[in-house]
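Feature list (source: Swiss-Prot):
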type    : residues                                       : note
BINDING : CYS73, CYS77                                   : [4Fe-4S] cluster 1 binding site
BINDING : CYS76, CYS79, CYS84, CYS94                     : [4Fe-4S] cluster 2 binding site
BINDING : HIS117                                         : CO binding site
BINDING : HIS251, CYS279, CYS318, CYS514, CYS543, CYS578 : [Ni-4Fe-4S] cluster binding site
BINDING : CYS408, CYS411, CYS414, CYS456                 : [4Fe-4S] cluster 3 binding site
BINDING : CYS418, CYS446, CYS449, CYS452                 : [4Fe-4S] cluster 4 binding site
DOMAIN  : 398-427                                        : domain '4Fe-4S ferredoxin-type 1'
DOMAIN  : 436-466                                        : domain '4Fe-4S ferredoxin-type 2'
Amino acid sequence: MVMGNNVEMDIKKLLTPLVKMKNANISMSIKFGEEEEEEWEPMGPTPMPKIPTLRHWDFKLLERYPPFYMPICDLCCLCTFGKCDLSRGKKGACGLNIKAQQARIVLIACCIGAACHAGHSRHLVHHLIETLGRDYPIDLGNEIEVEAPIARTVTGIKPKTLGDLEKILDYCEEQITHLLSAAHTGQEGDYLDFESKALHAGMIDDLAREAGDLAQIVAYNMPKGDEDAPLIELGFGCIDKSKPVILCIGHNVVPGSYILEYLEENSMEDEVEVCGICCTAIDITRVSDKPKVVGPLSRQLMFVRSGVADVVIVDEQCIRTDILEEVLKTGAVLIATNEKMCLGLEDVSHMDEDEIIGYLLRNRAALLLDEKKVGKVAVEVAKIVAKERKDRKTLPDLNEVVELAKQCTECGWCNRNCPNAFKVKEAMALAKQGNFKGFIDLYKRCYGCGRCEAICPRNLPIVSMTTKVGEAYYKDLKFKMRAGRGPIKDVEIRSVGAPIVFGDIPGVVALVGCSNHPNGEEEVAMIAKEFLERKYIVVATGCAAMAIGMWKDKDGKTLYEKYPGEFRAGGLVNCGSCLSNCHITGAAIKIANIFAKVPLRGNYAEVADYILNKVGAVGVAWGAMSQKAAAIATGVNRWGIPVILGPHGAKYRRLYLSNGEKFKVKDKKTGEILEIEPAPEHLIVTAENVKECICMIPKLCMRPNDTPKGRANKIYHYVDVYEKYFGRMPPDLEKFVRTEKDIPFMMKDKIMAYLEEKGWKPLEKYPQDPTILY
């Protein structure tokens with residue numbers, strides 16, 4: 001029997017001679033192996049949307065939040081007509097102008113990001129179907145009935161098995177193909193249609209991530225919305241160097257899971273140290289609480305250079321492309337485990353495990369695509385290599401740091417090439433005198449990109465020098481991070497739905513993204529701390545979730561130890577890895593469905609319209625750097641959720657900014673078209689520094705649906721943070737005070753005095769049930 005095949009035939013061939021039918025020529029189609037889709041909810045208008053299907057919704061958003069372009073290059077070099085200069089109104093040989101070219105590059109970035117997550121999810125689902133079967137159930141327990149809110153809304157599919165996730169990924173891959181084809185020379189020519197396609201790519205990215213995370217949650221028995229998920233050890237200082245150390249870098253949990261399985265089966269969990277960097281670190285700690293998290297990707301080069309790891313396992317995404325060179329310098333062994341990162345290595349997958357171990361001990365690196373073999377190979381190699389490297393020195397000692405610093409000519413190229421313009425030259429000048437104050441400061445804030453080294457005319461190992469000083473002076477690099485809990489439970493949504501929609505909970509702040517921070521990880525923790533204290537709900541994923549854990553209060557406690565892991569006011573929720581960003585969007589969708597009874601199935605625009613107008617949530621990608629982050633942010637934007645980027649986010653080339661004037665909405669209760677406050681004011685915007693970011697958050701959590709009490713709550717926080725960080729009232733406060741009822745009682749006198757100075761007038765009317773779908 002072949003699944004999904006159609007059989008067509010002439011029914012006359014089936015008739016016996018006893019049956020007389022004149023001109024009977026009937027075609028019939030018989031479907032094998034596919035069950036009828038369960039009618040769990042009436043199908044909405046847009047299941048499996050194609051590129052143009054939601055274009056009307058995109059254009060509604062783009063009319064209110066037109067793209068603002070910041071070209072970092074005026075040239076187009078994508079075809080052999082070029083390179084074409086698009087500055088000063090010029091067109092390229094194909095006819096594109098600079099606006100369309102910038103939008104095209106944004107689309108390409110979003111397609112790369114979406115393809116990355118779709119490829120990751122496809123690998124997971126394919127591997128898990130191979131090992132567990134296509135009928136393996138998707139069961140998140142009794143407390144989660146809406147298990148796949150994005151899939152339900154976008155595709156109309158309610159996935160019940162791993163096999164159902166294949167259908168979702170088939171759709172994702174089809175859409176990515178069409179989207180990427182639109183970026184070819186001589187295809188799309190309008191910047192707004194490029195943006196609509198970028199928004200579509202972002203939505204596909206969101207959907208692909210949900211498929212991948214659902215698969216790994218059910219297959220590896222990861223936490224299923226557990227607010228009391230275990231606290232995991234985090235930081236350089238928690239790694240036990242007396243044991244063989246295996247370091248996993250990347251995003252794919254499969255190789256790491258086999259290492260943990262081999263250790264458990266052979267009762268060696270306490271003999272070998274397993275740790276991780278980036279999202280693989282988060283996901284292996286969702287499988288078991290034994291592994292440890294070194295930190296976000298900003299700590300990758302420093303930790304590898306430290307020489308602690310005996311075996312380095314790389315899978316996919318956000319891995320330094322020179323990782324092989326860096327690992328071999330330390331005498332460690334590298335195993336590449338994913339087809340997306342082969343690093344020019346010999347494929348040893350066909351060998352048996354003992355042969356592979358021998359090969360690695362001789363050659364120090366190999367490509368091993370059979371993940372089932374990674375467990376034994378990594379552990380046994382680590383045990384041997386750890387003995388070989390026991391006394392190996394990989395970093396200069398402090399005296400050598402001084403001698404190296406003396407070679408510095410203080411030319412200043414390091415400062416100029418640093419993405420954050422850190423004072424590397426000044427740290428060198430102090431180190432010449434044996435004063436490491438500059439390097440101590442650098443260690444806390446440095447991203448570890450290595451650009452200072454790349455441009456140094458004396459070839460000084462600046463990152464290694466910084467790492468050594470950090471190791472010597474920071475003895476307590478031990479933190480705690482709550483393991484990624486996955487989705488938000490339905491009962492939590494029922495508890496917070498009304499307070500969020502009406503504004504009594506002032507907002508949901510989602511801290512996500514990479515670690516290209518302008519000033520170190522602590523700024524992410526400071527943002528989280530500020531809004532936890534103000535009883536916002538704070539959710540986190542990926543590198544941001546790790547960064548939040550890398551700060552302690554005066555009592556030595558991290559934010560994860562101080563605040564509960566529940567999705568409630570004052571709760572700090574670590575959803576998990578990059579894939580787990582889907583649960584943040586999913587929570588907003590579930591508010592629309594569980595609280596407001598908005599149907600999900602194939603009903604994207606209505607759900608997104610509800611979120612835009614009623615769910616006070618904002619994403620903060622303070623260290624966003626990758627194409628994946630671009631796709632994540634753009635996907636969130638299509639749902640109607642605003643995003644704040646760090647200062648490096650301007651390099652994505654495009655923001656969605658309103659003009660700050662009044663918006664128009666329709667009140668569904670009266671049918672009137674009303675002019676209202678600009679809420680939320682922008683859809684994606686950058687902040688120059690952390691103070692500016694903190695002050696943007698309360699403003700971007702405002703929604704037209706806020707009750708007077710809820711809006712007063714949000715205005716209180718907006719005014720309070722502005723006075724705290726800038727010592728004055730917000731310069732645009734008058735835009736967001738609709739009537740006197742919106743003014744918090746304890747601030748009424750000073751706010752009224754300010755409004756009188758501004759010539760403020762109350763809105764005559766504001767909507768009870770706002771929508772932009774008219």
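Cβ atoms here come from the backbone N, Cα and C positions, even for glycine.
Residues of the domain '4Fe-4S ferredoxin-type 1' (398-427) grouped by DSSP class, helix first, strand second and coil last, total 18 helix, 0 strand, 12 coil. The shortest Cα-Cα distance between CYS73 ([4Fe-4S] cluster 1 binding site) and any of the binding-site residues HIS117, CYS456, CYS578 is the one to CYS456. Residues of the same chain lying 6 or more positions beyond the ends of the domain '4Fe-4S ferredoxin-type 1' (398-427) and with a Cβ under 8 Å from any Cβ of it are 434, 436-439, 441-442, 445-447, 449, 451-452, 454-458, 460-462, 465-466, 468-469, 472, 516, 518-519, 648. If you check the binding-site residues CYS84, CYS408, CYS446, CYS456 against CYS77 ([4Fe-4S] cluster 1 binding site), the ones with a Cα inside 10 Å of its Cα are CYS84. When the binding-site residues CYS318, CYS449, CYS452, CYS578 are ranked by how far their Cα is from the Cα of CYS411 ([4Fe-4S] cluster 3 binding site), CYS452 comes first.
Apart from HIS251, CYS279, CYS318, CYS514, CYS543, CYS578, the residues listed for [Ni-4Fe-4S] cluster, the same chain places the Cβ atoms of CYS278, PRO296, LEU297, GLN317, GLY542, SER577, SER626, LYS628 within 8 Å of the centroid of those Cβ atoms. Among the binding-site residues CYS73, CYS446, CYS514, CYS578, the residue whose Cβ has the fewest other Cβ atoms within 10 Å is CYS73. The [4Fe-4S] cluster 3 site is defined by CYS408, CYS411, CYS414, CYS456, and by the 8 Å test on Cβ atoms against their centroid, the other residues of the chain that qualify are THR409, GLU410, GLY412, TRP413, VAL424, LYS425, MET428, CYS452, ILE455, PRO457, ARG458, LEU460, ILE462. A simple Cβ count within 10 Å picks out one of the binding-site residues CYS77, CYS418, CYS449, CYS543 as the most packed, and that one is CYS543. Just so you know, of the binding-site residues CYS318, CYS408, the Cβ with the fewest other Cβ atoms around it within 10 Å is the one at CYS408. It is CYS76 that, of the binding-site residues CYS76, CYS79, has its Cβ surrounded by the most other Cβ atoms within 10 Å. Its Cβ taken as reference, CYS279 ([Ni-4Fe-4S] cluster binding site) is surrounded by 31 other Cβ atoms within 10 Å in the chains shown. A simple way to gauge crowding: the CB of CYS411 ([4Fe-4S] cluster 3 binding site) has 13 other CB atoms within 10 angstroms, across all the protein chains here.
Looking at CYS79 ([4Fe-4S] cluster 2 binding site) and the residue listed as 'CO binding site', their Cα atoms lie 27 Å from each other.
Taking the C-alpha positions, the distance from CYS418 ([4Fe-4S] cluster 4 binding site) to CYS76 ([4Fe-4S] cluster 2 binding site) comes to 26 Å. If you compare Cα positions, CYS414 ([4Fe-4S] cluster 3 binding site) sits closest to CYS543 out of the binding-site residues CYS84, HIS251, CYS279, CYS543, CYS578.
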